[in-house]
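I'd like to ask some things about the structure below.
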Amino acid sequence: EENGHQSKRLKRDADEEDAEDQNKKSPKRKIVLLMAYSGKGYHGMQRNVGSSQFKTIEDDLVSALVQSGCIPENHGEDMKKMSFQRCARTDKGVSAAGQIVSLKVRLIDDILEKINNHLPSHIRILGLKRVTGGFNSKNKCDARTYSYMLPTFAFAHKDQEVQEELYRLDRETLERVNKLLACYKGTHNFHNFTSQKGPRDPSAKRYIMEMYCGEPFVRENMEFAVIEVKGQSFMMHQIRKMIGLVIAIVKGYAAESIMERSWGEEKVDVPKAPGLGLVLEKVHFEKYNRRFGNDGLHEPLEWTEEEEKIAVFKEQYIYPTIINTEKEEKSMANWLNTLPIHDFNSSAVEMQTNNKNSK
């Protein structure tokens, strides 16, 4: 019996030594991973340690990193140990084509293949690059580009009788949509476009570089369009509310003047478009690339070689999910029915009443 225990112990010691040798051969290095995922069925990107009923993208990622041998198990339990940082916290149901995470891993052979073998097919690691030791994907990111895919009937005027599958966006309406989206460019106070931020909170000011709606296209007999927005950084729900407000104006529920008002100090009721169509397209590291991209040791964080893989992933997992979910669950159609409940004039009316009373 004692011999049995002894041989088990010797085997365990030998296994541990092998693992240690493997670790010595592959020291930990700071890297970034380029990730694409379909967010349907997940409670966002960021892991909530201790609340296992709300599954996140990071739960699946960390599990794959541990199983593939890139990180020890205790690093999976405490993500600070591997200096883990995501570039953007995508909300519940939101997808990504170009999410970036930075972390320290053991650079094992065939690392991407091994990680992907432990991931579901709707989450893929598409690229990996070595970065500087102090790199943090959130802090070093100068800008983020998101897209929002929506059925164009969302822009039909509220008084128009619409058959969703037959609706086609006319040139005039598209031009109006783009005129309104362009108003967001520059720096504005977006306290009305998120929760838990007061009008005087300096962090509610955000800088938008670009925002426009592309040409409509037909998929599965329904017309869709994609809105793109590039900004320095975004607050929770900000993009969905920016799009929600434009839809409310174009449909005739709110006056155009509400936009200017929403950036002022008063509280404005801004509707939040569904999360389904939102996709994190790309994150930008322009300053980092200028400084380290050509230093001979590091590569610039550009993903031109991975663009085809990104496009294929979007066609295979992201767009079909958005289109099929829209057709089955009617998330946009159902949300549009809630727009009449919003009170787009209340704060202006309240102000007039207050002024009369003060006189």
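The first residue you see is number 1, and the count goes up from there.
Here the Cβ of each residue, glycine as well, is placed from N, Cα and C on the backbone.
Predicted automatically and left uncurated, TrEMBL annotations should be read as such.
For reference, TrEMBL lists these features for the protein:
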- 1-11: compositional bias 'Basic residues' (COMPBIAS)
- 1-26: region 'Disordered' (REGION)
- D91: active site, nucleophile (ACT_SITE)
- Y146: substrate binding site (BINDING)
- 184-286: domain 'Pseudouridine synthase I TruA alpha/beta' (DOMAIN)
Suppose we draw a 10 Å sphere around the Cβ of Y146 (substrate binding site). How many other Cβ atoms does it contain, all chains included?
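A count of 24.
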Using a 10 Å radius around its CB, how many other CB atoms surround D91 (active site, nucleophile)?
18
How many whole Å apart are the CA atoms of Y146 (substrate binding site) and D91 (active site, nucleophile)?
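Distance (Cα to Cα, whole Å): 12 Å.
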What is the three-state DSSP composition of the domain 'Pseudouridine synthase I TruA alpha/beta' (184-286), stated as helix, strand and coil residue counts?
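Going by DSSP assignments, the domain 'Pseudouridine synthase I TruA alpha/beta' (184-286) contains 25 helix, 33 strand, 45 coil.
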Quick one: mean pLDDT on the domain 'Pseudouridine synthase I TruA alpha/beta' (184-286)?
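Within the domain 'Pseudouridine synthase I TruA alpha/beta' (184-286), the model's average pLDDT equals 95.
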